[in-house]
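Participant: What Swiss-Prot records for this protein is below:
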- 31-51: transmembrane segment (TRANSMEM)
- 63-83: transmembrane segment (TRANSMEM)
- 97-117: transmembrane segment (TRANSMEM)
- 133-153: transmembrane segment (TRANSMEM)
- 162-182: transmembrane segment (TRANSMEM)
- 185-205: transmembrane segment (TRANSMEM)
- 206-226: transmembrane segment (TRANSMEM)
- 245-265: transmembrane segment (TRANSMEM)
- 285-305: transmembrane segment (TRANSMEM)
- 326-346: transmembrane segment (TRANSMEM)
- 361-381: transmembrane segment (TRANSMEM)
Amino acid sequence: MNRTVQKLLPWLTASAQDVEKVRNESIRLDPILMVAVLALLAWGLVMVTSASMELGERFGNPFFFVIRQTIAVVIGASITVWLVLRQPIALWVEYKLWILIASLLLLLVVLLPGIGHSVNGANRWIPLGPVNIQVSEFARLGLIIWMAGYIATHTIKLQNRITGMLGPGVVIFAASLLLLLQPDFGTTAVLAATLFAMAWLARAQWQMMVGSTLVMGVLGVFVVLSEQYRIERLLSFSNPFADPFGHGYQLANALIAIGTGGVWGRGLGESIQKLSYLPEAHTDFIFAVLAEELGLIGVIALIGLYGLIVWRGFVIANMAWKENQIAGAALAWGISVWIGMQALINMGVNMGVLPTKGLTLPLMSYGGSAMIVALISLGFLMRVHHEAAMVAELREAQMTKRQQDASIRTKEVLS
C-alpha cells in the first residue's frame with residue numbers, strides 16, 4: 001500500500017492516518033460519466049435486440065445476438081470491477097513495455113496462416129473456442145496504455161526535443177503496418193490519430209508531429225490507391241444511388257433508413273431496412289436502424305450521450321494533469337479521443353459523409369471484443385478519476401493539517 005501511495009504522490013507527504021482514511025474509502029466514480037455509460041449500455045442492448053431479431057431467427061432464436069452481447073457486457077464489467085478499478089495506473093505504466101510487446105504480437109499472430117480467422121477477406125480474428133477474438137480491439141487499448149506510460153516517463157523529452165516523438169512514431173508505424181496487412185484501414189486511422197492526439201495534448205514538439213503525420217498520410221494514400229475495392233468505396237460513398245444494387249447497396253439502404261426515420265422515427269422495433277435489406281444492421285450500421293426507429297430525436301440523444309462521455313473524459317484528464325498524474329491524464333485523453341472519434345466516424349459512415357471503414361459504434365454495436373474492451377477502457381477512465389480525486393483529498397488533508405499546526409503554534413506563542 002505504501003509503495004502505491006508513493007508512486008501516486010511522489011511530491012506529497014501526508015500523515016499515515018490521512019492516507020489510510022482516503023485509501024479505505026470506496027472508488028470515487030464520476031456520476032455523470034456513470035449515467036452516460038449505463039444509458040448507452042442499456043440502449044445498446046435494446047437496439048441490438050431490435051436490429052438482430054430477424055437475423056437471429058436463422059439460428060433458431062431471435063435473441064441469439066443479444067444474449068451473446070449480454071455475456072460480453074458481463075465479462076467486460078467483471079474485468080473492470082475486479083481488476084481495472086482495483087489496480088493503480090502506476091502498475092500498468094510499470095509494465096508498459098510488456099503491454100506494447102503483447103499488443104504488437106497480437107497484431108502479428110493474427111496474420112499467421114492457421115491462426116488468424118478470415119471474414120470477408122480480412123484476417124482480424126483469432127478463434128477461441130466458440131467465439132472469435134478481434135485482436136485489434138485489445139491491441140489498440142494496449143497501445144494507448146503504452147503511449148500514456150511513455151508520455152509520463154518522457155514528458156520533458158516530448159516537450160523539448162524533436163526526437164521525443166521518435167519512439168512513438170516507430171510504434172505507430174509498426175502497428176499501422178500490421179493493421180493494414182489484415183487489412184483494417186479504419187482501426188489504423190483511429191489508432192494513429194488517437195496516439196498523435198495524446199502526444200499533441202501532452203505538448204509534444206510540433207515539428208516531429210507534423211513530420212510523422214505527413215508520413216502516415218502518404219502511407220494512407222498509398223494504401224487506399226493500392227487496392228481497387230478501396231477506390232470503389234471512395235467513389236461509391238459519394239453517390240451510392242449511382243450503383244444502388246452494387247458497391248453502393250449498403251450505404252443506399254442506410255440512407256433510406258435514416259431518411260425514413262424523420263424527426264420522431266417509425267417507432268422502436270419498427271425498422272423496415274433491418275429486415276435483410278441493410279447488411280450489418282446490428283453491427284457497423286446499427287446507427288441507421290436507430291435513426292429509422294427513433295428519428296432525429298434519438299440521434300440527438302445518442303450524440304449527447306457520447307458528448308457527455310468525451311466531456312467528462314477531458315475533465316478527468318484535466319483533474320489528473322493538475323494533480324501531476326501525467327499517465328492518468330494521458331490515458332484519459334486517449335480513451336476519450338478514441339471513443340469520440342470512433343463514434344463520429346461510425347455515424348459519418350452511416351450518413352454517407354465518410355467512406356465505409358468497418359468500425360463499430362462504441363457500446364451500441366454488436367461485437368463481444370469491442371464491448372469488452374470499451375468497458376475496460378471506461379474502467380480505466382474511472383480509475384483515473386478515482387486517483388486524481390484521492391490525490392486532491394490527500395493534498396487538502398495536508399493543507400488542513402498544516403493550518404491546524406500553525407494555529408496551535410500561534411496560540412502557544414501568544415500564551
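Along the chain as shown, the residues are counted starting at 1.
From the backbone N, Cα and C atoms, a Cβ is placed for every residue, glycine too.
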Participant: Considering pairs 6 or more residues apart, do the transmembrane segment (326-346) and the transmembrane segment (133-153) have at least three CB pairs under 8 Å?
Facilitator: yes
Participant: Of the stretches 31-51, 133-153, 245-265, which racks up the most C-beta pairs under 8 Å with the transmembrane segment (162-182)?
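Facilitator: Maximum Cβ contact count belongs to 133-153.
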Participant: Within the same chain, where does the transmembrane segment (133-153) have neighbours whose Cβ lies under 8 angstroms from its own Cβ atoms, ignoring anything closer than 6 residues to its ends? I mean 6 or more beyond.
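Facilitator: Residues 89, 92-93, 96-97, 99-100, 102-104, 106-107, 109-110, 124-127, 167-168, 171, 175, 179, 182, 184, 187, 190-191, 194-195, 198-199, 202, 326-328, 330-331, 334-335, 338, 367, 369-370, 372-373, 376-377, 380.
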